[in-house]
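Take a look at the structure below.
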Amino acid sequence: MSGYEKPSWGWGYCAPSPVLLLSLLTAAPLGLLGEETRQVSLKVISNWPDFSQNLLHIQAVGTNSTLHYVWSSLGPPAVLLVAANTPNSTLSVNWSLLLSSDPDGGLMVLPKESIQFSSALVFTRLFEFDSTNMSDAASRPPGKSYPPYSLANFSWNNITDSLDPATLSATFRGHPVHDPTGAFANGSLTFRVQAFSTSGRPAQPPRLLHSADTCQLEVALAGVSPRGNRSLFGLEVATLGPGPGCPSMQELHSIDDEYAPAVFQLDQLLWGSLPSGFMQWRPVAFSQKQGSRESAMPCQSSPLYPTLAYLLPQSPVVRAFFKTQNNFCAFNLTFGASTGPGYWDQHYLSWSMLLGVGTPPVDALSPLILGIMAVALGAPALMLLAGGLFLLLGHKRYSEYQSIN
Amino acid sequence: MEEEEEEARALLPRGSDEAGRDSRATPAASGALQALCDPSRLAHRLVVLLLMCFLGFGSYFCYDNPAALQIQVKRDMQVNTTRFMLLYAWYSWPNVVLCFFGGFLIDRVFGIRWGTIIFSCFVCIGQVVFALGGIFNAFWLMELGRFVFGIGGESLAVAQNTYAVSWFKGKELNLVFGLQLSMARIGSTVNMNLMGWLYSKVEASLGSAGHTTLGVTLMIGGITCILSLVCALALAYLDQRAERILHKEQGKTGEVIKLTDVKHFSLPLWLIFIICVCYYVAIFPFIGLGKVFFTEKFGFSSQAASAINSVVYVISAPMSPVFGLLVDKTGKNIIWVLCAVVTTLASHIMLAFTLWNPWIAMCLLGLSYSLLACALWPMVAFVVPEHQLGTAYGFMQSIQNLGLAVISIIAGMILDTRGYLFLEVFFIACVSSVFKTIYSIVFIAALFIIARAWKQLRYGNDNPICKTKRDTE
């Protein structure tokens, strides 16, 4: 077992930033298809000595590829997703450029030629709708809209404290810088990021199947005072399109709701033809921390629409890596309906998604169900066969006996 | 009193010309009225038939109220699926015991007329308490209401059958039973399709959804139970009047229940019991939970999901008499039972593992449900001597209710933790255990035959025929 030590050196006169390094080594990868396991390391990259600005760099190294997830709370929360086809890829951060008015080049993944896929997600706005007197749950907008909270004007915690090496996770917690109404006095918006070194399925609903090529984001709103009695919240998510067009959004219907009772759908955002980046989530949000069926509320997503860069809060990390690219596409997620469980129950809301590169994980029937079906359908068939055979043989023997006599 | 004596004189058996002369003398309208009021005439018995059919309407209408309002109950009373299914379990619990005593209560304790009125009162009170539980936001009160409703519901069916036997004889009886069953199914269908719409109307007029809206909706639904009570009262009056006029006896169930007979039940009868339990637990709890399944998996609207949920009853109403005729003509009940079980299995597999239009699967389910009812229940009469028939039917209904009560709760728990696919697989396992039971019996029987043949083969020298032949040679 050896540790990886990858300090990120600044350019120019930027001092080397103190680095908090956590790594988890796994068993030697036996990957037959893709990468079954990866060595995952989480690093917090801060601009020393100013610890209020930090980036979370998750590096997942496989046998012949590396995935970089750079989560930033500079400006609106954003994630940079880069896939490189070499296990020796590194991230370089130039804080002086990053924090300047033209951050172009402040963030780079080297070597540049190894980059196979790169894109970004930015969470730009938090919406709030008043859903009283709205009987049509599927209407858009789902009610009168209050002024949205722009996530670029939020201040975030120092994620070094929230880093958990055991679960490979970190939590960004934020509240508006200016909060005249005091809505966020006792509450916050949290983004919990979790990386994975192998495939698996968490116990926490909605139990999304993850692989070594993905990481999970859980968005939670807790304790925030709503501005109405039946407030529905929404999130605006912006992405960089693969080309001039927008990524494609798909709804996958399945017969299997074992892992998320009564949810038969999986929503996916694909940046291009496979293998490329993807975003995956179940159209359900939960109004309680435990996340059971009683607290499940529907999550509606609007179609992707192309939008202009200046209409969205800008993330310096995205501008730093993607230079002047501005083919942004955005979509809105709305959590809850006017009736049923909602944020008003316990002032809590959580929604999870997966972000990754490659082939999106696909749910399969669990061995328990297959076993029960095999016994339920197979055993009677076998018994029928055996019984029929015995009867035939027995009858034959009996006839033989008769003829001898 | 005097006019009744006149009527009695008019109706006593006489020469038909005298009756004809009397009727010719009076105008046609009062002739029709006379026919309606004469208990021995068909017109009057049709009125009684109508009352008998509506007697059970309220009970069957209100039985499936929870299924029709599943989303509303779970949301307004803030309960999960396990507690929701308790509403069905509490209906079944009293009937585990009452099925044995229903006949006894009607024959010995209350008499048919008072028995029917009392059971109808239980049904009414049960539904009212159920609705009050909604108004006062007390789920335990709703459960109590369903318990009281259950006490009256099944016993009312026994009373309905007793009235039928008392008023109709011979070949008419099958038709009457069929009509009563159809009316019951119509009640269930109307409930499925009406209650959701009624709830939305009450919500619109009251201004908000909530437990009060739910309670008011259930109270309005309880009007059908008042209708049944009125029918019970009317039937009691007409029955008493007929007894006075025609000197016919009060109807009796004729059931003799002796619990000690249970140990004399033969193996085929136990097999029939197992089939009954395993089959019905895959039908009724599924219909109870079906509406949300169709909404979530297939994307149906609430109205369409209610309609599809009621298809089983809609099909069963006309097909029961048809299948009854078919089974009567061909015999071979066990083959029809197997057909019904296979069809139900196919239907559940379609619903679980495919995204095909569920109308197909539900129609198949309705057909197989009707077929099984027509083929299975008469089989009891073939394998049990007549003096044990009452006990056998009572026991069958009792364990059916026990199975329903237990499986309803289990189904709710499975749904909350594992989802609909697992629930469907559970139902498939239940239905296929019917096969396993049948095939086990066949397997054991085959082994028995083989063993006997083998024994004869081995000890063939002791065959008396051969011995005699050798001796004579």
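Using the three backbone atoms N, Cα and C, a Cβ is placed for every residue, glycine included.
All TrEMBL annotations are machine predictions without curation.
Feature list (source: TrEMBL):
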- B:1-24: region 'Disordered' (REGION)
- B:15-24: compositional bias 'Basic and acidic residues' (COMPBIAS)
- B:42-63: transmembrane segment (TRANSMEM)
- B:45-448: domain 'Major facilitator superfamily (MFS) profile' (DOMAIN)
- B:84-106: transmembrane segment (TRANSMEM)
- B:112-140: transmembrane segment (TRANSMEM)
- B:214-238: transmembrane segment (TRANSMEM)
- B:267-287: transmembrane segment (TRANSMEM)
- B:307-327: transmembrane segment (TRANSMEM)
- B:334-353: transmembrane segment (TRANSMEM)
- B:359-383: transmembrane segment (TRANSMEM)
- B:395-415: transmembrane segment (TRANSMEM)
- B:421-450: transmembrane segment (TRANSMEM)
One stretch in B:42-63, B:112-140, B:267-287, B:359-383 has more Cβ pairs under 8 Å to the transmembrane segment (B:421-450) than the rest, namely B:267-287
Ranked by Cβ pairs within a distance under 8 Å of the transmembrane segment (B:359-383), the first of B:42-63, B:112-140, B:214-238, B:267-287 is B:267-287
Note: vs the transmembrane segment (B:395-415), the recorded stretch with the largest number of Cβ pairs under 8 Å from B:42-63, B:84-106, B:112-140, B:214-238, B:267-287 is B:84-106
Report yes or no: does the transmembrane segment (B:42-63) come within contact of the transmembrane segment (B:267-287), defined as 3 or more CB pairs under 8 Å with a sequence separation of 6 or more? no
Near the transmembrane segment (B:84-106) in space but 6 or more residues beyond its ends, with Cβ under 8 Å, are 63, 66, 70, 73-74, 112, 115, 142-144, 146-147, 149-151, 153-155, 158-159, 162, 252-255, 257, 259, 284-285, 288-289, 390-391, 394-395, 397-399, 401-402, 404-406, 408-409, 411-412
Per the Cβ under 8 Å criterion, with at least 6 residues separating them from its ends, the transmembrane segment (B:112-140) contacts 55, 58-59, 62, 65, 76-77, 79, 83, 105-106, 146-153, 155-156, 159-160, 162-163, 166, 211-212, 214-219, 221-222, 225-226, 228-229, 231-233, 235-236, 239-240, 250-252
